[in-house]
Amino acid sequence: MKRIGILTSGGDAPGMNAAIRAVTRTALANGIEVCGIRYGYAGLVAGDIFQMTSETVADKINRGGTFLYSARFPEFKEEEVQLKGIEQLKKHGIDALVVIGGDGSYHGALKLTRHGYNAVGLPGSIDNDIPYTDFTIGFDTACNTAMEAIDKIRDTATSHQRVFVVNVMGRDCGDIAMHVGVATGADAIVIPEEPYDIKEIAENLKQGFANGKKHGIVVLAEGVMDANKFKDELLKYGDFDARANILGHMQRGGSPTTRDRVLASEMGAYAVKLLLEGKGGLAVGIENNKLSHHDILDLFDAKHHGNYALYSLNKDLAK
């Protein structure tokens, strides 16, 4: 193996740049050249590929987003399009690939491995929704961003004795909502994985005000319901003032936390180690605080298991 490529795909996540840096410098330290591929699989097919050096990744570890840029490119599911990507890999002398992203990115990595190009996937997703890893790159930063926003929302909620329904990211996974809900002392957490009773939530909020509380916070994962609709449903059972707030894409931005920078660096170096061993079609993770890897194919049949003890804990603490 003389040269590897690296790309970021799908939704961006803080810490991706730290992973790119680790992959690049670990490979270079082992005598392997590195090519950056801009705009994910779309850039691969278009041949938007350039040589990277240690200087290329300097001063990037602290930056959010991905300096290689990203793009959603569902066309890569098609065999004909994959072969165009393979042509570009051959043209640029790339022997293996590191892909940073989520589920769709992993599908692309598996396709390339089946075409004879070893590819290793790193879990880059703020949702923390990828199986066989306790944490994904970007999750911790997203949680801290959401926590800081909700802390500020609590200030104005208290001033006006209001309830705020705060929508956080997590289409199919409630991990951000659970972690942030506990961290901000939310009155209720609503996630896709657990049933909820909106009347019960309203009653608990009313009881809180009756007991002297000056605010109410409901943390709602985006995959459950639109925040404004949830707020309107809540008001059918409560005589309090309520507002909805959608945090949205701010959760994807910002300088990555220490935890995300370290995790991304460890995973990036580990991915290169696997490629040096001639391995491909693998997904890197961290389980019980140890780096691990699994066949990408296994991930598609598995389901991420969140720490649902946090959901139960918050119910107890919110009483």
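Just so you know, glycine gets a Cβ as well, placed from its N, Cα and C.
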Request  = Could you look at ARG63, ARG154, ARG252, ARG259 and say which one Swiss-Prot places alongside ARG21, ALA22, VAL23, THR24, ARG25, GLY185, ALA186, ASP187, LYS213, LYS214, HIS215 in the ADP site?
outcome  = ARG154
Note = Of GLY5, GLY11, GLY170, the one that Swiss-Prot places in the same ATP site as ARG72, PHE73, GLY102, ASP103, GLY104, SER105 is GLY11
Query = In angstrom units, rounded to an integer, how far apart are the Cα atoms of ASP103 (ATP binding site) and SER125 (substrate binding site)?
reply = 9
Key: Tertiary neighbours of VAL23 (ADP binding site) (same chain, Cβ under 8 Å, six or more apart)   = ILE4, ILE6, VAL34, VAL98, GLY268, ALA269, ALA271, VAL272
Note = Residues near SER125 (substrate binding site) by Cβ (under 8 Å) yet at least 6 apart in sequence within the same chain, in sequence order, are GLY10, GLY11, ALA13, GLY101, GLY102, THR136, ILE137, GLY138, PHE139
Fewest other C-beta atoms within 10 angstroms, as judged across GLY11, GLY102, GLY104, GLY185, which are the binding-site residues = GLY185
Among PHE73, GLY104, MET169, which are recorded as binding-site residues, the nearest neighbour of LYS214 (ADP binding site) by Cα = MET169
